[in-house]
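Enquirer: Below you will find the structure I want to go over with you.
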Amino acid sequence: AGRTLRRLVSTLVVAEHEGGLVKPSSLSALVAAEAIAKENKVSLLLGGSGPALHKAAEHAAASHPLVNEVLVADSDVFAHPLAEPWAELLRSVQQKGGYSHVIASSTSFGKNLLPRAAALLDVSPVTDVTAISEPRVFVRPIYAGNALCTVRYTGESPCMMSIRSTSFSPATESMSETKVAPITQVDLSFLSEASSRKSSWVNLTSQDTERPDLANARVVVTGGRGLKSAENFKLLEQLAEKLGAAVGATRAAVDAGYVPNELQVGQTGKIVAPELYIAFGVSGAIQHLAGMRDSKYIVAVNKDADAPIFQVADYGIVGDLFQVLEELLEKIPDKK
């Protein structure tokens, strides 16, 4: 039976795209598909409308040797990441394609969509997978990342999962020159009026900055409650500009209104794993550590020598974060 299971693996990857390119988190989902089975037949699903969608589809078609076909759902309904119409789309594509696995990345889009689509298909999703041991055996963190549990999925097909993209890093040159997958339009006749009425898109408020995106930045500079005000966060932003870094924040800093919640790092925010993570005035609550403990180098600045953050830090400075910030801003040259 093991052999037939392996032969019958086919996966649907629900991908996100931006600016005509498939997002890095979705490329990580392709790496996860490869970990499920080397001979995996992968279909990549993209939704949206306009020229950016078709550019992204061309990028997707050559993004990985396993990609067998790119499915494009071209409609204004999918221009925004609303879970209701997307879940219907996923159900329809799954019922036609009969995939054994469905993978989305654990981004806010994936976390929003997966449970609703799984409910429509009457299966139980496996979330936040960090490793794949067998086609239906996965490792995922529990207790804010303090323990890892191995789970076997024993339900009906499809096995639906969200993956933690920081655990599956795509090869930088994964573009497959040789093989370009065919691009197919998805038949959208299943879309019901009802699903598009349940929720509607209002607007997106986001900060337009030149700084890199928090989820994919090589350097992240984070501030905690110790920064004391939104004004002081500006100092952190200056440092980030100099380092070409993204700015992050703890839940306490977000709740206090110092910064918008899209900058939150942690169990209920973004999970990041940059090469360098610098934390100013972050005590290191377990929920925050869950979001950054896979960073390569962690530097912590805190006046409390007993702060839990120092237990995960590679380098620690016990001192007044404002003095340290001031010195760093003086000594680090401006980014060219």
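Heads up, the Cβ atoms here are built off N, Cα and C, so glycines get one too.
Note that the structure is a prediction, hence the values are computed from the model and not measured.
In case it's useful when we look at the structure, here is the feature table from TrEMBL:
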| type | residues | note |
| --- | --- | --- |
| DOMAIN | 11-194 | domain 'Electron transfer flavoprotein alpha/beta-subunit N-terminal' |
| BINDING | Arg225, 250-251, 264-268, 281-288, Asn302 | FAD binding site |
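So where do these features actually land, and what's packed around them?
Expert: Summarised as a single figure, the pLDDT of the domain 'Electron transfer flavoprotein alpha/beta-subunit N-terminal' (11-194) averages 92.
Long-range C-beta contacts of Gln267 (FAD binding site), restricted to its own chain and to partners at least six residues apart, with a cutoff below 8 Å, comprise Ala144, Gly145, Gln287, His288, Ala290, Gly291.
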Enquirer: Just jot down the residues in the same chain as Arg225 (FAD binding site), at least 6 apart in sequence, with C-beta under 8 A of its C-beta; none if empty.
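Expert: The answer is Thr250, Ala252, Ala253, Ala256, Gly281, Ser283.
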Enquirer: List the same-chain residues at least 6 positions away in sequence whose Cβ sits under 8 Å from the Cβ of Gln264 (FAD binding site), in sequence order, or say none.
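Expert: The answer is Gly248, Ala249, Thr250, Arg251, Val254, Lys270.
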Enquirer: What are the non-local neighbours of Val282 (FAD binding site), defined as same-chain residues 6+ apart in sequence with CB under 8 A from its CB?
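Expert: Those within reach of Val282 (FAD binding site), by Cβ under 8 Å and sequence separation of 6 or more, are Thr222, Gly223, Gly224, Gly226, Thr250, His288, Ala300, Asn302, Ala307, Ile309.
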Enquirer: Other Cβ atoms within 10 Å is the metric here; tell me which of the binding-site residues Ala285, His288 scores highest.
Expert: His288
